[in-house]
Amino acid sequence: MSKVTGKVSQIIGPVIDVEFQAGVDLPKIYDSLEIKKADGSILVLEVQSHIGENTVRTISMDSSDGLSRGAEVNATGSAIQMPVGDDVYGRLFNVIGDAIDGLGNLPKSGKDGLPIHREAPKFEDLSTSTEVLFTGIKVIDLIEPYAKGGKIGLFGGAGVGKTVLIQELINNIAKGHGGLSVFAGVGERTREGNDLLREMLESGIIKYGDDFMHSMEEGGWDLSKVDKSVMKDSKATFVFGQMNEPPGARARVALSGLTIAEYFRDGAGEGQGKDVLFFVDNIFRFTQAGSEVSALLGRMPSAVGYQPTLATEMGAMQERITSTKRGSITSVQAVYVPADDLTDPAPATTFAHLDATTVLSRKIAELGIYPAVDPLDSTSRILAPEILGKDHYSCAQRVKELLQRYKELQDIIAILGMEELSEEDKMAVGRARRVQRFLSQPFHVAEQFTGLKGVLVDIKDTIKGFNMIMDGELDHLPESAFNLKGTIEEAIEAGEKMLAEA
């Protein structure tokens with residue numbers, strides 16, 4: 001097949017129009033095109049629409065600085081490809097599948113690569129089993145348990161702890177799960193990606209070899225000491241398109257990460273599929289970038305200025321994040337909530353696709369309770385006695401009822417004070433405040449902030465602890481004894497100590 005080439009005819013920021021000769025087959029929608037820039041680097045474009053007889057409108061995956069009209073453009077004949085295979089373990093890629101860890105690019109043509117735009121699995125291929133995924137985080141395991149192979153959303157405004165919670169989940173699940181993890185950094189801070197890589201190296205989820213670790217401990221970052229034979233034992237792969245990237249890259253990087261997760265899930269052949277964890281931080285930036293691209297392409301905006309295709313784009317991606325008979329993808333997605341408004345179209349569209357939602361609340365964060373999960377706003381599809389068992393379900397319902405009662409009484413307390421409450425209500429408020437504080441716990445990834453060692457709490461201990469508080473066995477202990485504690489034994493010990501000192 002002869003190479004199809006065209007010329008740049010218009011450049012408006014990241015939107016580039018390419019003109020081809022008359023009679024040539026135009027590149028298909030979502031095909032990638034390449035421009036060789038003056039400095040020798042290659043700029044990748046993705047076709048978005050066909051204009052007139054022989055022009056395509058594209059969006060660039062990197063900055064269009066230095067481009068000029070008339071530059072030659074080559075059609076690749078396929079969508080953007082991501083490298084797959086055993087060599088991707090422990091590696092960092094960008095949106096177009098190039099390595100960004102300084103360890104050299106991997107081949108991604110033919111059987112070594114997969115296109116980032118793919119169909120979702122067929123209905124008959126989907127898995128229907130339900131299994132609980134325990135995280136060791138009390139509030140999540142008790143109130144809104146996560147399903148293995150399910151989709152989980154962490155909703156929260158700016159600075160309430162989404163990234164810390166997602167890093168704790170990576171720490172708890174990825175270490176305990178022993179399976180593979182794929183992390184897609186979508187339009188977030190580059191520093192967080194850097195911190196995460198260092199943390200993964202220290203915890204042994206990514207392996208660069210002993211020589212490199214010694215150089216890292218001494219404050220260096222000597223890539224010549226990386227042992228590539230050890231690297232294949234790594235349990236994670238990263239794909240980054242951070243907030244300094246143009247909108248084209250941020251709108252596609254979630255799909256690039258998902259492509260690698262799908263490859264791990266389905267394997268190269270029958271019976272080779274695996275259980276994969278897919279972390280996305282932050283899915284809102286995917287929507288935000290889609291809105292920027294939509295505006296740049298001249299589409300009429302929809303509600304609150306979002307793209308008219310918001311639900312379609314979100315659905316096309318979310319339907320691919322699913323579990324099949326070959327393997328499962330359990331995805332954890334952080335969702336930024338603009339101005340703490342859960343009815344904003346971006347978070348509201350995401351809600352429809354999830355099995356469990358963890359809503360982080362600024363009011364709870366202000367009380368110093370971390371993780372700042374709102375137990376009354378958070379939901380789970382699998383919170384049912386036939387899946388979790390009677391004890392777990394009834395304990396979760398009692399906790400919710402108690403906290404709901406406390407919420408209703410707060411207006412009365414604010415106006416009239418505690419004295420005006422009946423004895424029964426006073427007791428309920430005291431227990432609710434203890435329950436609220438006991439829902440907090442110290443995190444491994446936040447040790448440097450809290451000075452407390454992180455804990456994983458078994459679900460049996462969690463249920464026992466909350467039942468003791470609600471049954472009134474611990475009414476004599478001060479409320480502050482329950483804050484940032486793991487098990488109920490720790491809280492009792494701290495409470496007895498406080499009483500002795502008083």
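Heads up, the Cβ atoms here are built off N, Cα and C, so glycines get one too.
Residues or ranges marked as ATP binding site in Swiss-Prot (evidence: sequence analysis): Gly156, Gly157, Ala158, Gly159, Val160, Gly161, Lys162, Thr163.
Using the Cβ center of Gly156, Gly157, Ala158, Gly159, Val160, Gly161, Lys162, Thr163 for ATP, the list of other same-chain residues with Cβ within 8 Å runs, in sequence order, Tyr336, Leu360, Ala365. Counting neighbouring Cβ atoms within 10 Å of each of the binding-site residues (Gly156, Gly157, Gly159, Gly161), the lowest count belongs to Gly159. Lys162 (ATP binding site) carries a helical DSSP state (H, G or I).
Mapped onto three states, the DSSP output places Gly156 (ATP binding site) in strand. Here the Cβ of Lys162 (ATP binding site) has 27 other Cβ atoms within 10 Å, regardless of which shown protein chain they belong to. Using a 10 Å Cβ-Cβ cutoff, Ala158 (ATP binding site) registers 11 neighbours. Within 10 Å of the Cβ of Val160 (ATP binding site) there are 26 other Cβ atoms, across all protein chains. A sphere of 10 angstroms centred on the C-beta of Thr163 (ATP binding site) encloses 19 other C-beta atoms.
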